[in-house]
Every structure is written in C-alpha cells, then in structure tokens.
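Annotated features, as they stand in TrEMBL:
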DOMAIN    3-167  domain 'Era-type G'
BINDING   11-18, 58-62, 117-120  GTP binding site
REGION    11-18  region 'G1'
REGION    37-41  region 'G2'
REGION    58-61  region 'G3'
REGION    117-120  region 'G4'
DOMAIN    198-274  domain 'KH type-2'
Amino acid sequence: MKKVGFVCVYGRANAGKSTIINKCLGFKLLPVSAKPQTTRDNVKAIYNDEESQIIFVDTPGVFKPHGKLGSILLRDAESAKDGVDVIVYVIDASEVPNFELCEKLKHVDIPVIIAYNKVDLVKADLGEERLARYKSLLPNAKVCHLSALNNYGVEELLRMIKDELPESFPYYSEDIVSDRPKEYIISEIIREKCMRLLDAEVPHSIYIDLKTVSEEEEGMTILGNIIVEKPSEKAIVIGKKGKMISDISRFSEKSISSYFGCPVHVELVVKVIPDWRNDERYLKKFGYDEK
Ligand SMILES: Nc1nc2c(ncn2[C@@H]2O[C@H](COP(=O)(O)OP(=O)(O)O)[C@@H](O)[C@H]2O)c(=O)[nH]1
Ligand SMILES: [Mg+2]
C-alpha cells in the first residue's frame, strides 16, 4: 500500500500552479507562461515514487471570466475542488493579497495546504506579513514556502501532501503521467508557444485544432490549424513574411521532440472562426461543454 490520492491545485490565474506541478513531476508536462489563462483544462498529472502516487488536478485558476469560454474555465476550476483528498492553495507572494478565495476554502472539510509561491520576488518581512493574514483566515491550513521556478520547497510540498493522503493501492499504472492522450500534450505545447510568443490579447483567442499526428520511423509529423477569431489576429500569428508562424512551429518542434524523444516536424495553418469562444457549437467541438 502507498500514500495515494487526488490533489487539486487551486488558486488565482498565474500564481504558479502549473509550474509547481511540473516541478513535482520533475519534467514539463503542463504549459506555463507569464500570461494568465495559459491553463484551459482540469488536467490530471500523475506523480509516482516508491511510497506514493499523487494525482494532481491542474486548474485554469480563478480569474474574472470573459465570455462563455471564460465562464466554463472558471466553473471547471471551482468544481475541481470536489472529491479530492487535499487542496493545494497556491498564492503568489509577490501579489497584493486578495482574500476572496479564502472564503471559498474556509468551509471545505479536507486538508488545505497553502503553497506560498514566488517567495523569490518579495522581501521576506513583507511576505510574512501578507502570509499571516492568509493564515488568520485559514487557521487549519498548513503552509509551505516555495519558489517553484527555482525548485525551492518542492520536496517539502510533496512530503506535506503525502502526509495527508490515505493509504491505498495506486489508481493508475506507473507508466502513465497524464489522463490525456499524446495529441492533447502536443496541442498544449503548441498553444504554449503561442502564449509565449504572441503579445497581449491574441493568445487568449487561440485554439489548436490538431489534424494529424503520424509516427514514422524517421520521426513524428504533426499537421494542425491555429484557430483565431479575427483576420487581424490571423495576420499577427502569421507575422511579417511568415516569421511568427515559423517561430511558433520551430519552438514547438523543439519542445515536442524533447518530450517524446524523436525528431518532429510541425506544419501549422492559421484559420479564422469569428468569436468561437462564445459559439456553443465550437465550444462543444473543442471540448468545452457548457453543462
Ligand atoms: N519568479 C517566480 N516566477 C514564478 C514562480 N513560479 C512560477 N513563476 C512564473 O509565473 C508565471 C505563471 O506560472 P504558471 O505556472 O503558468 O501559473 P498558473 O497560471 O497558476 O498555472 C510563469 O511565468 C512562471 O514562470 C516562482 O516561484 N518565482
Ligand atoms: Mg496553469
């Protein structure tokens, strides 16, 4: 028997939730960027060692929703707290405190661990003063200080999670790292490159519609569409003389290749679907169900 269970990683957008999970896993599974809403799904990421199996549920994070897609993501982030064994509440120590989420966590009857992240960005005494206010609102929560980007605190967080988990047989076979198929991982890598390379608002309207992934002896060939909402966005994603789309493809090839350990060729076409984030047909087609 091992320490086994589900852990919801909850918090505001951009607090570092996906970074923390990647560091716990020891490799990069989930997309990370400096822009809010990089995470769009409740993805399960599965950590294994000799004594435990931890099934992390990454969430889009809590933010002010825009449009139908935004509301769906927010609903998913909130519902991920149901039915798990532990909640890791990630707080960005460098942000001005916001206690809204403490209210939502006050009455849950499972252990809450505050992952006080990005301590590298804040002076220690200011950080502690802010933390004390969070702790006074969540007196039962345990606290772990992290600078996930620098791997600081990650081992301790894993230890604290294991301490809270029940004993059980593992739910997943040990060679499985996610509940998602490889096509999902690939499209998330491509979307992450868009999030990182494109300015401001454009990336939020992007959906990666993967067409084919073919695996031959000489490597993997990936064909896909980058969906945007406006012709002006299409022009930005293509870039001057096609430079942006070629950068997105090249960076994607590199990351996909290092993830899967084989040569990778990526070909992307940009398409416009006006206002897809508010269009029920497309939300459904792209896996964002309103119900
Ligand atoms: N300085 C610093 N930046 C961090 C740390 N953890 C995450 N970040 C950055 O914060 C941004 C958001 O991280 P991400 O994991 O995507 O946040 P999420 O939206 O909560 O999943 C990214 O640019 C990360 O590199 C940290 O400990 N220190
Ligand atoms: Mg994330």
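Glycine is no exception: its Cβ is also placed from the backbone N, Cα and C atoms.
Shown on the structure are the features that TrEMBL records.
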{"residue": "G11", "record": "GTP binding site", "DSSP class": "strand"}
{"residue": "K17", "record": "GTP binding site", "DSSP class": "helix"}
{"residue": "T59", "record": "GTP binding site", "DSSP class": "coil"}
{"residue": "V119", "record": "GTP binding site", "DSSP class": "helix"}
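For V62 (GTP binding site), the Cβ neighbour count at a 10 Å cut-off comes to 19, with all displayed protein chains included.
The region 'G1' (11-18) shares the most Cβ pairs under 8 Å with 58-61, out of the stretches 37-41, 58-61, 117-120. Counting other Cβ atoms within 10 Å of each Cβ, the binding-site residues N14, T59 show the lowest value at N14. Screening the binding-site residues K17, V62, V119 for a C-beta under 6 A from any atom of ligand 1 leaves K17.
In this structure, K17 are the binding-site residues from G11, N14, K17, T59, V62 whose C-beta falls under 6 Å of some atom of ligand 2. Taken through DSSP, the region 'G2' (37-41) splits into 0 helix, 0 strand, 5 coil.
For the domain 'KH type-2' (198-274), the DSSP counts in helix, strand and coil order read 33 helix, 29 strand, 15 coil. Around G11 (GTP binding site), the same-chain residues six or more apart in sequence whose CB sits under 8 Å from its CB are K17, G61, V62, Y89, V90, I91, D92, L101, A115, listed in sequence order.
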